[in-house]
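Student: Quick one: this structure, given as C-alpha cells, is what I'll be asking you about.
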Amino acid sequence: MPKNTKRKRLCPKMNQKLGLKDQDQEIFDLIEQEKARQKENILLIASENFVSQAVLDAQGSILTNKYAEGYPQARYYNGCKNVDQIEKIAIQRATKLFGAKYANVQPHSGSQANMGVFQALLKPGDKILGLSLMDGGHLTHGHKLSFSGGFYEAHFYNVNPQTEMLDYDEIRKVALAVKPKLIIAGYSAYSKTINFKKFRQIADEVNAYLIADIAHIAGLVACGLHPCPFEANADVVTSTMHKTLRGPRGGLILTNKEELFKKINRGIFPGIQGGPCIHTIAAKAVAFQEAMMPSFKEYQKQVIKNANTFAKAFQQKGYRIVSGSTDNHLFLIDVKHKNTEFTGAKIANMLEKINIVVNKNTIPFDQEKPFVTSGIRIGTPAMTTVGFRENDFVAVADLMDKAINHLDDESYLSQIKQQVLALLSKFNK
C-alpha cells in the first residue's frame, strides 16, 4: 500500500454531541407528536399520570450510562460510588414514605416486582389466591397467560355478584378450601377501600403469605388516604411508581421482615434481573421526595374528590357505576346498562375521536371478551395533575354523555371535539 494512501473509515464516527432532532428526526417527530397528543387530549386512563420535570430530568440523565449489577456496597462492577448513594437515598425515602423497614427499588416494573416476590417466596406449583382478572385483578395475580398462572397453581376469589365489592366471608371460604401459600390483595380496577386487616386474618388462618399489590393506590396509601397494608402486618407490599404515585415507570417492593427481604433481594437479583436501571432509580428517589411534600397530599385529596364527583355526574345521567361509587381514583362504567348494543371497545374508540381517552375494561361477571368488554375504566390522576377540579369533570361527563348519545353522528362528534379542545385550552396556556 502506498505510504500516502489513507485507509478508508469503515464505520463513520457518530457525533455524540448531536441532539435528538439532528441525530434522529423520525423519532424526534414522533415524540413531538406524542407531546401534542398529551396536551390536546383529556387523559382518563387510571394507570397514567404526568411526572414532574425533575423526574424527567433524572430519568433522562447520564446515569443511563452506568452499569451497576448488584446492590449498594455489593456491586460486581467498579465505579459505583455515586450510584450507590443514589440507590441508598431512594431506599431511605421509600421506607420513610411508606413506613417500612426495607425496600428494593430495582424492579423494572410492577410485574417484575411481583415476579421477584413470587420467585423468593414460592416454589413452582405452589398455590396462590388472587382476585379474578374480570373482577378487577391483574394478570400477575394468577392469570394463565402470565408467569403467575404458568409457574404456580392459581386460584381466584370474586366480588359479590350483588354489591360488586369484596366479600371477605366468601374469600375466607375459598382460602380455607384452597389452602394457598400466598394471598394477593390489590387490584387494577377496583374502586372501593381494601380491608387489609381482614385479609391478614384470612392469611393467618391458612398460614399464607399476604402480599399487598398497591400499584394503583400507592399515592393514596403514602398520604394516609387509604389504609396502609403494614398497619395490617402485610408480609410484602409491591407497587408501581407511575400511577397515583406520579413517578417514573418502574417497580417497588417493601417489607418489614428481614428474612423475607433477604429472599426478595435474591429473587430480584440474580433471580430475574441483572443490572438495575440507575437513571430510573434516581427518578424514583425524586418522586418519593415529591410525595413527602404537603402539596402531594392535597393533590391526592383532589384526585379522590374529582373521581367521586365524576362518578356521581355519570349516575345522574343514567349510567351504572360498578359497585355504586368510588373511594379512590378510579371507577368503572357499565356501558351495556346504558344500551345493550354498546361495548367498552366501541365507546372507548369513539371517545378517542373527540380527544377523550379511556380504556375498555371488563366488569364483574362480564360476558364479553377482554378485547370487547362491557365497561370502560376511568381515572382522575392525570387530569388532576393538569389542574382539573370537580366542575371540570362535571363538564367532561356532560361532553362524554352527549358523544355517547350521538355515537355515529360524525358531524355532532366534531362539534363535541371542539368543546373538548376549548376546555383544555384553559390549562394549556
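Placement of Cβ uses the backbone N, Cα and C atoms for every residue, glycine included.
Here's the feature list from Swiss-Prot:
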- Leu133, Gly137, His138, Leu139, Glu259: (6S)-5,6,7,8-tetrahydrofolate binding site (BINDING)
- His242: site 'Plays an important role in substrate specificity' (SITE)
- Lys243: N6-(pyridoxal phosphate)lysine (MOD_RES)
Student: Between the residue listed as 'N6-(pyridoxal phosphate)lysine' and His138 ((6S)-5,6,7,8-tetrahydrofolate binding site), what C-alpha distance do you get in Å?
Tutor: 15
Student: Could you round the CA separation between Glu259 ((6S)-5,6,7,8-tetrahydrofolate binding site) and His242 (site 'Plays an important role in substrate specificity') to a whole angstrom and send it over?
Tutor: 28
Student: Pairwise over Leu133, Gly137, His138, Leu139, Glu259, annotated as binding (6S)-5,6,7,8-tetrahydrofolate, what's the top Cα to Cα distance to the nearest Å?
Tutor: 31
Student: Reduced to three states, what secondary structure does DSSP give the residue listed as 'N6-(pyridoxal phosphate)lysine'?
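Tutor: Its secondary structure by DSSP: coil.
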Student: For Leu133, Leu139, listed as binding-site residues, tell me which one has the smallest number of other Cβ atoms within 10 Å.
Tutor: Leu139
Student: What's the CA to CA span in angstrom from Gly137 ((6S)-5,6,7,8-tetrahydrofolate binding site) over to His242 (site 'Plays an important role in substrate specificity')?
Tutor: 18
Student: Out of Gly137, His138, His242, Glu259, which of the recorded positions is least crowded by other Cβ atoms within 10 Å?
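Tutor: With the recorded positions Gly137, His138, His242, Glu259, fewest surrounding Cβ atoms within 10 Å: Glu259.
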Student: Tell me the Cα distance separating His242 (site 'Plays an important role in substrate specificity') from Leu133 ((6S)-5,6,7,8-tetrahydrofolate binding site), rounded to the nearest angstrom.
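Tutor: Answer for this pair: 21 Å between alpha carbons.
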Student: Measure from the Cβ of Lys243 (N6-(pyridoxal phosphate)lysine) and count the other Cβ atoms within 10 Å, all protein chains considered.
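Tutor: Total other Cβ atoms inside 10 Å, all chains included: 27.
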Student: In angstrom units, rounded to an integer, how far apart are the Cα atoms of His242 (site 'Plays an important role in substrate specificity') and Leu139 ((6S)-5,6,7,8-tetrahydrofolate binding site)?
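Tutor: So the Cα of Leu139 ((6S)-5,6,7,8-tetrahydrofolate binding site) lies 18 Å away from that of His242 (site 'Plays an important role in substrate specificity').
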